[in-house]
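Feature annotations, courtesy of TrEMBL:
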- LYS52: active site, proton acceptor (ACT_SITE)
- LYS52: N6-(pyridoxal phosphate)lysine (MOD_RES)
- ARG150, MET332: substrate binding site (BINDING)
- 263-390: domain 'Alanine racemase C-terminal' (DOMAIN)
- TYR284: active site, proton acceptor (ACT_SITE)
Amino acid sequence: MSTPEPAALPATGAPASPDARAEIVVDLDAIRDNVATLRARVGDAAMMTVVKADGYGHGLVESGRAARAGGADWLGTAVIEEALALRAAGDTGPILTWLTVPGEDYTRPVEAGVDLTAYTVREVDEIAAAARALGVRARVQLKVDTGLSRGGATAEDWPALVAAAADAEQVGALRVTGIWSHFACSDEPDHPANDAQEKAFVHALQVVDAVGIEPEVRHLSNSAGALLRPWSSYDLVRCGIAAYGLSPAPDVVTSAELGLVPAMTVRARLALVKHVPAGASVSYGHGWTAPRDTFLGLVPAGYGDGVPRHASSTAHVLAGGRQRQVAGRVCMDQLVLDLGDDELAAGDPVVLFGSGRDGAPTAQDWAEACGTISYEIVTRIGGRFVRRHVSKELRNA
Ligand SMILES: *Cc1c(COP(=O)(O)O)cnc(C)c1O
């Protein structure tokens, strides 16, 4: 991490910037504390905080800094550009990245000391060529597909990948720093796939052992694995969603039960409040009709800002101290709330979702209303929302 500079961030709990039409407030102290909480839970395993996809919508660099402050030994990103952005922002710690296409420029990540993941012999060859051209050893982790059937080498292709990596290590082109895999069903702890995948992982590790490769880290678990299968942690766990304060397995355990605090609050100000009579129908398609005379509040945020259209007539928003239902369809730029008898004023603040501590819904509540997972709610929100990072203690270095 770079040296802290004087604080340049408003304190947590500061009122919404009075003029903001619609903003995303990210509590960096919550991310830091969630990482520390997770770290304490997983015992001896090292902690990787996954900050891909702009830190699940919370900000790549800011989330990475907060995670390091909470004790993250590693940061994880999907693509190389994300890892290089962390380096450009001054992060000097271990970073793993895991998704490339043929012909990517491996020179920059190898130079930057970023761990790359190889799924295939071709990738090992391309990375080794970049390392030889630079005259350095690349840091490469090998991924085995133990049953997710997504990235990684199949069991059939695994021995050839391991052999190619061992050869490249022998000639000094790279060092195999890790062996890893990824669960398909870790949010369902009783699913038989979990044990089957772990068995396949153990077998893959034996293949690695047999050729004399000694990786620094062996790892299998994401947030749900880390929390619900602690015996599967090996040397390292890769926690994404839990670091942002959301439960990876909401059917099993809530974020509050895990001691985690959702870090993202999405808020806006009412653009307009009006009174309509019983029978008035609201928004496109007239999908919602007022059952009684009621006040309606217009919120200046819509699917153009990542508010799911599936929230139409189902999700709730905190306004005037109570949760109000979205009335009718979410539009591109706006949505309407049913305020009942409460005549709120244009300009009044509303909270779409937040920490859950002030009576507002959480991203998990929105996920349930929209038939998705909290990951998608926080990662997709954006558009014209202004994002602001707050912290009592972390510095905006
Ligand atoms: C996204 C991702 C993670 C983090 O998963 P969470 O469920 O958010 O903890 C871990 N490992 C890999 C390979 C991933 O792609």
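Glycine is treated like the rest: Cβ placed from N, Cα and C.
Note that TrEMBL annotation is computational and uncurated.
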Nearest of the recorded positions (ARG150, TYR284, MET332) to LYS52 (active site, proton acceptor) - Cα to Cα: ARG150
Residue with minimal Cβ packing [other Cβ atoms within 10 Å] among the recorded positions LYS52, ARG150: ARG150
Alpha-carbon spacing, MET332 (substrate binding site) to TYR284 (active site, proton acceptor), which is rounded to whole Å: 11
Which same-chain residues, if any, lie at least 6 apart from TYR284 (active site, proton acceptor) yet have Cβ under 8 Å of it: GLY328, ARG329, CYS331
Cβ neighbour count (within 10 Å, all chains shown) around MET332 (substrate binding site): 13
Arithmetic mean of per-residue pLDDT over the domain 'Alanine racemase C-terminal' (263-390): 98
DSSP-assigned states of the domain 'Alanine racemase C-terminal' (263-390) in counts, ordered helix, strand, coil: 24 helix, 46 strand, 58 coil
